[in-house]
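Scroll down for the structure; my scribbles are underneath it.
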Amino acid sequence: MEDFVRQCFNPMIVELAEKAMKEYGEDLKIETNKFAAICTHLEVCFMYSDFHFINEQGESIIVELGDPNALLKHRFEIIEGRDRTMAWTVVNSICNTTGAEKPKFLPDLYDYKENRFIEIGVTRREVHIYYLEKANKIKSEKTHIHIFSFTGEEMATKADYTLDEESRARIKTRLFTIRQEMASRGLWDSFVSPREAKRQLKKDLKSQEQCASSPTKVSRRTSPALKILEPMWMDSSRTATLRASFLKCPKK
């Protein structure tokens, strides 16, 4: 699974996932399914934000080829992917600036158009079950919840899906591709079932003992959202020339 993750996801996403697991004292060599899940969640958060801006009139617009002369503000502030200290700094800054209620738990995004925090979920189970788990944990009507599944299903608070249909379709297609690639490598069952995951882990560890890992070729294409992951996180003047560059798993 670890090799698959490094092949399938952008190196910057992999690096952020590694840092997140290290921060919580988790070993990606052992928790390989969690490693894959974190990378998937990160990519969905970035894709959610990609190409969405607010123009001078305060309207939400989609810009794929970007006009460097346009004064555009990113519609979504990305909170996921930051270390906890910086993430809470971002949240506090948003609350102080917008008057939004401070959430009890760290959300994934903030939507400047709808003025609300968003919790993104990616599940291998039934979307309604995962949605209820999220809602029971957050216990706040102020945080908007949007759940995606690997089967193309989704569920959101009050059936408000925030994004246009095409943007959501890109996310669903990416998740379906990840599922298909996992299945083709015999990894999907272990990704879904904890019991199968333990069996696969023992098999992988035994395999690693028998042979050294070969060099891995990775995709260098970068999502536009990843290009703005920098210290000046809250800079509202950020503008960039964007291009459609969604990641695809390399063929076997």
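The backbone N, Cα and C atoms fix where each Cβ goes, glycine too.
Per Swiss-Prot, site 'Important for efficient shutoff activity' is recorded for LEU28 (among others). Within 10 Å of the C-beta atom of LEU28 (site 'Important for efficient shutoff activity') sit 19 other C-beta atoms, taking all shown protein chains into account.
Marked as site 'Important for efficient shutoff activity' by Swiss-Prot on the basis of similarity to another entry: LEU65 (among others).
All protein chains included, GLU80 (active site) registers 22 other Cβ atoms within 10 Å of its own Cβ. Taken from Swiss-Prot, the feature active site covers GLU80 (among others).
Secondary structure at ASP108 (active site), taken from DSSP and collapsed to helix, strand or coil, is coil. Sequence annotations record features per position, and here Swiss-Prot assigns active site to ASP108 (among others).
Positions annotated as site 'Important for efficient shutoff activity and nuclear localization' by Swiss-Prot, on the basis of similarity to another entry: ARG195 (among others).
Sequence annotations record features per position, and here Swiss-Prot assigns site 'Important for efficient shutoff activity and nuclear localization' to LYS198 (among others).
Residues or ranges marked as site 'Important for efficient shutoff activity and nuclear localization' by Swiss-Prot: ARG199 (among others).
According to Swiss-Prot, the feature site 'Important for efficient shutoff activity' maps to LYS202 (among others).
The region 'Disordered' annotation in Swiss-Prot covers 202-221.
For LYS203 (among others), the entry in Swiss-Prot reads site 'Important for efficient shutoff activity', with the evidence type similarity to another entry.
The site 'Important for efficient shutoff activity' annotation in Swiss-Prot covers LYS206 (among others), and the record cites similarity to another entry as its basis.
The compositional bias 'Polar residues' annotation in Swiss-Prot covers 208-217.
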Intrachain C-beta neighbours of ASP108 (active site), sequence separation six or more, cut-off 8 angstroms: HIS41, CYS45, ILE78, ILE79, GLU80, ILE118, GLU119, ILE120
